[in-house]
Amino acid sequence: MGQNLSVTNPLGFFPEHQLDPLFRANTNNPDWDFNPNKDTWPEATKVGVGAFGPGFTPPHGGLLGWSPQAQGVTTILPAVPPPASTNRQSGRRPTPISPPLRDTHPQAMQWNSTVFHQALQDPRVRGLYFPAGGSSSGTVSPVPTTASPISSTFLKTGDPALNMESISSGFLGPLLVLQAGFFLLTKILTIPQSLDSWWTSLNFLGGAPVCPGQNSQSLTSNHSPTSCPPICPGYRWMCLRRFIIFLFILLLCLIFLLVLLDYRGMLPVCPLLPGTTTTSVGPCRTCTISAPGTSLFPSCCCTKPSDGNCTCIPIPPSWAFAKFLWGWASVRFSWLNLLVPFVQWFAGLSPTVWLSVIWMIWYWGPSLYNILSPFIPLLPIFFCLWAYI
């Protein structure tokens, strides 16, 4: 045990590996231990901690056998080197020569120059090789080879590389437009609810608007009149209010579109006198262009008389459109003519009155802002229409 680096005697074995005489092990067979590796063990009388805990590692050829590992001797064997590569010994072999084309593709050898020229006599085949307006003769001049043998042999041209910048920009633009449109749509959908809240608040001055009807959660609880459930009696009135609000928004958009088209000159209208179908009489002049050939942005309204020339009225298109609407409305609603003196008086007011009006607007501005704030999401749409139409 001189070379055993294990622990001291854990189970009480004697130095010569004989069991304790208390168990009568040495009476009949004093040499019962046939371990050939017996040696003097000075530390046999010491009790220590075994390799697997206190008193669990017998020395030498005990419970673990006679192997070198059981006796605490560890043998380190050198690593076996990998076998030498056969490729390095024999070297790289050359690539075998490809067999000739007549052996691998015999069908290609049947398509020679004679057959090719005969096939070119067919107009359908000729159209594949000659563009429109090209040579109509039956002979084909060979195209000189400009590619070098090295480049044609080793350079394989596949699909062209994709331009990721153009692809990303092509996707980014519609994505931003979709995101902006979705944002504006969510804001526009809040307009009817905001106007509905303002409308219902007029009936509850000084208090919170509450609908005394029933809802699906509780038959007696109150709720906002702008969020009535279908079983509530106020649900039909809420739908009616929002329908009127939608019509008002559509009318507002239509008026803006008509004013924009008229400002761009795409809606040439002429002011009509009440009850007449002819243009108004005023400081007119004879144009040198015909009526169908009017410019895109006319500066006056034109009619086409019998001589082929147009008589222009020097009125800006927007004023002409406003006058046309006023004439159309005054013919059908005669009481609007009573407002003409008031409008003329209001237009001739002194600067003091205008300052008073400005002060009133400044005083009532916050409340007007609360009323007009739902229409703010419509401003970007109007601006885009104004810029691109």
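Every residue, even glycine, has its Cβ placed from backbone N, Cα and C.
Listed in Swiss-Prot for this protein:
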- 2-242: topological domain 'Intravirion' (TOPO_DOM)
- 2-170: topological domain 'Virion surface' (TOPO_DOM)
- 2-108: region 'Pre-S1' (REGION)
- GLY2: N-myristoyl glycine (LIPID)
- 2-163: region 'Pre-S' (REGION)
- 78-105: region 'Disordered' (REGION)
- 109-163: region 'Pre-S2' (REGION)
- 171-191: transmembrane segment (TRANSMEM)
- 192-242: topological domain 'Intravirion' (TOPO_DOM)
- 243-263: transmembrane segment (TRANSMEM)
- 264-337: topological domain 'Virion surface' (TOPO_DOM)
- ASN309: N-linked glycosylation site (CARBOHYD)
- 338-358: transmembrane segment (TRANSMEM)
- 359-364: topological domain 'Intravirion' (TOPO_DOM)
- 365-387: transmembrane segment (TRANSMEM)
Arithmetic mean of per-residue pLDDT over the topological domain 'Virion surface' (2-170): 56
Secondary structure tally of the topological domain 'Intravirion' (359-364) (DSSP, helix then strand then coil): 5 helix, 0 strand, 1 coil
